[in-house]
Amino acid sequence: MLIRHVSTVITSCCAGVYIGYKYKENVASVKHYFLSNIYAKSAPPSTNDSLVNSENNVNIPFQSESSKSKVVSNAGQIVKYGFPSTDNLRSYEDFMLSYDRRTRTASWVLEHLTPEKVNRVDGVERSKLKFLEDESIHGYHRATNKDYLGSGYDRGHLAAAANHRQSLNAMSQTFLLSNIAPQVGAGFNRDSWNSLEKYVRALARKNKNVYVCTGPLFLPRKEADGKLYVRYEVIGENHVAVPTHFFKVLVVENSQGQFELQSYVMPNQPLPEVRLQNYLVPLEVIERAAGLLFFQNIPKKMFTKINARQTP
DNA sequence: TTTGATGT
């Protein structure tokens, strides 16, 4: 049962990605990304993968007989001199992000769009703004403008500037380099990815609410020895990671209160002029690749449409 | 229109 389900997912995900590339030379390499055995070796979803149980004790998977009666943790002593930390969450005026210190870019950025938010407001213009380091992030892990200078990559917004027009402050925060990732300029950031962003704003104008989650992917690829490797460039003194792909997951709530889900993956490469629909990828594929779970508070059965298909 | 880089 499970095996059949998983193979269906793999087939459909490859088909979805394949369509996007039928005109390109790199079909084989992209196919490898999604044929990765990380999808094949599926495990049933766990409802509780937390290390902390309901009594707020730390779960210890293998207890000795003597310790079984009382579950304890030495956490207090262990972290006495400091915790390496994952204080990665940032809330800005109109978007939130989770920062990945290792890649010097965000793992995900979350936005809520409405018709009002994407309307033009006098005085809120990107020409007044500059890309800035995010000083809330430690200098060791912070991307700088110098990292991007001469790299050949654009400083690509994750939360798009034009999605946050209600105030200059809101828009200025999208220029923090924590919200930026290295993107191929011509053919990607300025073209196909920009088309996707414009499409999202068009949806925001026509619907009650749009929730958008955007982030980078670092996908494995099969190399000459037949093994899978994740390979990506790093730029500048701070080694800002250049993602292999980007994802964008949308939840659209219309005026009737119906929900639609759309999930996209685009490779960080110059792309031919193709329909956005060709980049729709099953949500599960993105969740597995990114290590994230999106919009979990909406039961799947609530979606009337998923990736352009009416749900039964 | 919106996405950028680069040079003065």
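In case you wondered, yes, glycine gets a Cβ from its N, Cα and C as well.
In TrEMBL this protein carries:
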type     : residues : note
DOMAIN   : A:91-301 : domain 'DNA/RNA non-specific endonuclease/pyrophosphatase/phosphodiesterase'
DOMAIN   : A:92-301 : domain 'ENPP1-3/EXOG-like endonuclease/phosphodiesterase'
ACT_SITE : A:His157 : active site, proton acceptor
BINDING  : A:Asn189 : Mg(2+) binding site
Within the predicted model, mean pLDDT of the domain 'DNA/RNA non-specific endonuclease/pyrophosphatase/phosphodiesterase' (A:91-301): 95
List of residues, in chain order, with Cβ under 8 A from that of A:Asn189 (Mg(2+) binding site) and at least 6 apart: A:Asp154, A:Gly156, A:Gln183
Cβ contacts of A:His157 (active site, proton acceptor) (under 8 Å, same chain, 6 or more positions away): A:Thr174, A:Phe175, A:Asn179, A:Ile180
